[in-house]
Amino acid sequence: MEKWSLMTITVLLALTVRWTVSLGSYSGAGNPPMYGDYEAQRHWQEVTYNLPVRQWYFNTSDNNLLYWGLDYPPLTAYHSFLCAYIAKLINPDWIALHTSRGYESQPHKLFMRTTVFVADLLVYIPAVILYCFSLKETSTKKKASIWGVCRALCILLYPGLILIDHGHFQYPLSLGFALWAVLCLSYEWDLLGAVAFCLALNYKQMELYHSLPFFCYLLGKCFKKGLKGKGLVLLTKLAGTVVVSFAVCWLPFCTDMAQIMQVLRRLFPIDRGLFEACMFSSPPPPNIWCSLSVLIKIKNIVSPQTQLKLSFAVTFLSLLPTCIKLTVQPSLRAFKFALVSCALSFFLFSFQVHEKSILLVSVPVCLILNEIPFMATWFLLVSTFSMLPLLLKDGLLLPYAVTMLAFLSVCVAAFSIFEKTSAEDLQLKPFSLSLKGYVSWFKSFPKIVRSLFLLSLTLMGVLSLASAAVPPPQRLPDLFPVSVSVISCLHFLMFLVYFNVVILWDSKNRSQKKIS
């Protein structure tokens, strides 16, 4: 009974924070002609409800693709249609073809915010709660319940997701489905996990960030079972599950190859070039290409096709060691760390990255918060900070400051993060032992790490205040946004090295927490 009471309190607190943030501004409010992501979601409802399926992804007189044309997979379109159906019952003006463009009102804002709130409540939050309360603990049952609450509270109070979903405006469904997939694999429900991840991928194509860890982990399990016996059976079942799941999601578009190709062109607009996100985002996202472009104008030196090849090569090489290790030695723990490492490699090195894509790294980091609380907390703070210019643009300074401080306070109280900075706590013991003669250097390692963390916090705090209160020099109008982007990128490169070291030096027979 106490467990359910604690769980209820945790969920109510998380919902209260989300609803409070949602009362503020949203992306593009009162800013014509394009407005922002809020208008994009509303426009997709307008298009999917009023036009036949065959026109959803095509440029027509009724569907101008230059004005927030649908560029996500079919599941997003179906979700937009469902929301539009409900909107039509409440007020047809909200989704009227052509005349509803840029529609803004308090009742409509309440409706749109509620759709995000319901999606969070039905998909994302239940997955977090089940994940946190199903981890087996060696301590007493009462203490395990308290630990479950601490984990769930920290994850549900992660500022980045709250501010983007309930402030900026975005649905948490793809990340929610991905979390359900991880949960299913934790219980060894591999086929259900495959279905859940297919739903995530068919809601947002950016879930490709997580695709290789899922593929390598499941393939490694098949190899482990033997490809001449149970492994082959599992591989066949998984392949069939994926094919059927995709076929069901794409069924309305499967009647015509031209439809399929047009959807794919909308999902992967590679003709826009490597720096499309840098040109249309303010500021440029904190990946390696946009950060380097501050010093070296790569787009002026390298052709678009070469940019694409370079991006693919660097991304592939950065992913390769982790994917090989996971395939050869599949384990649930390695799988979760691989989700982090691979998603971070995609974010830093892949094609057309947007600042919000860091959430695809942050959610897997939340899953290992109990294993490396210090580094996970640090990363989650930096990931939110990296979106600061976008949040300031949306008028979310106060929610940003409050949720950041609240999250840090909860993590410090729940996990005592400053006491968990030794090489063993950071899971760097195998790496430190491999250095042999340099092991003595690790004696001062906790102090160095804590100092770097405090320096990082100070830098983020100063830049946050400067971005909000200090006017930039006239000659350098983007000084603060670019500084945020570059500093965040440097942090992410450090974290990428750290996560890869943890994965590659992890012992095969290392004891790991399992799911009950």
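Even glycines carry a Cβ here, placed using N, Cα and C.
The signal peptide annotation in TrEMBL covers 1-24. Marked as transmembrane segment by TrEMBL: 110-133, 145-164, 176-201, 231-253, 334-351, 358-385, 397-418, 452-470, 482-505.
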Among the recorded stretches 145-164, 334-351, 397-418, 452-470, which has the greatest number of Cβ pairs closer than 8 Å to the transmembrane segment (482-505)? 334-351
Which sequence positions outside the signal peptide (1-24), separated from its termini by at least 6 residues, show Cβ-Cβ distances below 8 Å to it? 113, 116-117, 120-121, 125, 129, 133, 142, 145-146, 148-149, 152-153, 156-157, 162-163, 165-167, 395-396, 398-399, 403, 406
One stretch in 145-164, 231-253, 358-385, 397-418 has more Cβ pairs under 8 Å to the transmembrane segment (176-201) than the rest, namely 231-253
Do at least three CB pairs under 8 A connect the transmembrane segment (334-351) and the transmembrane segment (145-164), leaving out pairs fewer than 6 apart in sequence? no
Folded-back contacts onto the transmembrane segment (231-253), same chain, C-beta under 8 angstroms, at least six residues removed: 53, 73-75, 190-191, 194-195, 198-199, 202, 218-219, 221-225, 259-260, 263
